[in-house]
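Q: Handing you a structure now.
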Amino acid sequence: MLEIDGSYGEGGGQLVRTAVALSAVTGQGIRITNIRKNRPSPGLKQQHLKALETAARICRAQISGLFPGSTEISFVPVEIEGGKYDIDIGTAGSITLLLQCIMPALPFAKEKVELTIKGGTDVAWSPTIDYLQHVTFRALEQLGYSGSITLKEHGYYPKGGGKVSAYFKPCRLREFHFLKEKEDIKGSSHASNLPAHVPLRQAEAASKRLMEAGYPSLIETQSFEAFSIGSGITLWIGYIGGSALGERGLPAEKVGKNAADEIIPELRSGASVDTHLADQLIPYMALAGNSSYTVRELSLHTTTNIWVTEQFLDVKFRIEKKEGLFEVSVS
């Protein structure tokens with residue numbers, strides 16, 4: 001059984017998600033200790049538990065240590081099965097982070113996998129559902145990944161209530177070298193149970209800030225009724241994105257500007273992928289082989305994901321500084 005120190009590097013939930021996904025792919029049983037050891041509230045939270053439970057269901061794994069606050073788990077997979085699964089994370093637990101825990105394994109499933117997931121689609125400290133759909137999936141398609149998601153309903157913190165359907169087919173991943181895409185910025189600004197002018201103001205503020213920086217954009221707006229109150233905006237171009245969520249007392253103009261200010265440094269750098277996508281791509285690139293990208297900043301999430309991935313797979317990542325950017329490659 002492979003022993004993984006859960007406090008290594010970034011030491012958060014992502015390390016656990018990547019380790020479990022690659023355990024499923026390789027069939028290697030694992031024991032992860034010191035999970036979220038240095039966090040204010042160490043151990044597993046509800047959304048981590050639901051992700052691990054889902055991964056265990058899909059690959060018929062034996063799993064122990066699955067309880068709130070647990071700092072150690074063991075996970076022994078059998079085989080990755082297909083089929084249909086209904087998952088309710090509860091409240092506003094992140095749907096996108098749950099998917100991160102299982103998506104790297106799904107190309108190796110025996111048959112197609114269909115998921116219906118309830119939870120949070122737009123919550124803090126996780127990719128928005130629009131980011132996953134328009135940035136992450138676009139990048140994964142280049143690596144031969146076969147999957148899609150359909151947003152049924154937005155769900156915001158703290159009530160959640162979002163709903164997503166997802167569909168994945170077994171596939172063979174292929175190598176790809178990511179280059180900067182040249183096109184206009186697109187976006188989606190949305191709000192539920194709020195005045196219709198809220199998403200409009202978010203979009204207008206983002207467009208204005210982007211144009212001041214020299215980047216034209218086309219941002220769609222949506223206003224609707226849903227289970228929870230909230231707003232958000234996501235911007236994307238190629239393999240680069242930026243997003244911001246509304247908060248009580250935060251003007252809509254500030255939300256839009258925050259999203260623009262997140263994507264502008266990424267665009268100015270000339271990197272092929274943004275700093276968030278950079279860490280997400282690591283396990284897929286390792287499974288595909290001979291792939292690369294450039295990124296403006298090497299985050300602790302990325303270096304941690306590289307370390308975890310190299311524990312499971314016979315690959316070696318290389319990091320080189322080139323013209324002010326970091327080139328990350330695997331062979």
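Every residue, even glycine, has its Cβ placed from backbone N, Cα and C.
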Q: Same ATP site as His276, Leu277, Ala278, Asp279, Gln280 according to Swiss-Prot: which of Gln46, Gln47, Gln62, Gln100?
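A: Among the candidates, Swiss-Prot records only Gln100 at this ATP site.
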Q: For the binding-site residues listed here, Gln100, Gln280, which shows the highest count of neighbouring CB atoms within 10 A?
A: Gln280
Q: Would you list, in sequence order, the residues of this chain other than Gln100, His276, Leu277, Ala278, Asp279, Gln280 that have their CB within 8 A of the centroid of the site's CB atoms, where the site is the one recorded for ATP?
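A: Near the ATP site, beyond Gln100, His276, Leu277, Ala278, Asp279, Gln280, sit Pro127, Thr136, Thr275, Leu281, Ile282, His301, Thr302, Asn305.
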Q: Within the chain of Asp279 (ATP binding site), which residues six or more apart in sequence place their C-beta under 8 angstroms from its C-beta?
A: Gln14, Ser299, His301, Thr302, Thr304, Asn305
Q: Around the C-beta of His301 (active site, tele-AMP-histidine intermediate), how many further C-beta atoms are within 10 angstroms, looking at every protein chain?
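A: Result for His301 (active site, tele-AMP-histidine intermediate): 20 other Cβ atoms within 10 Å.
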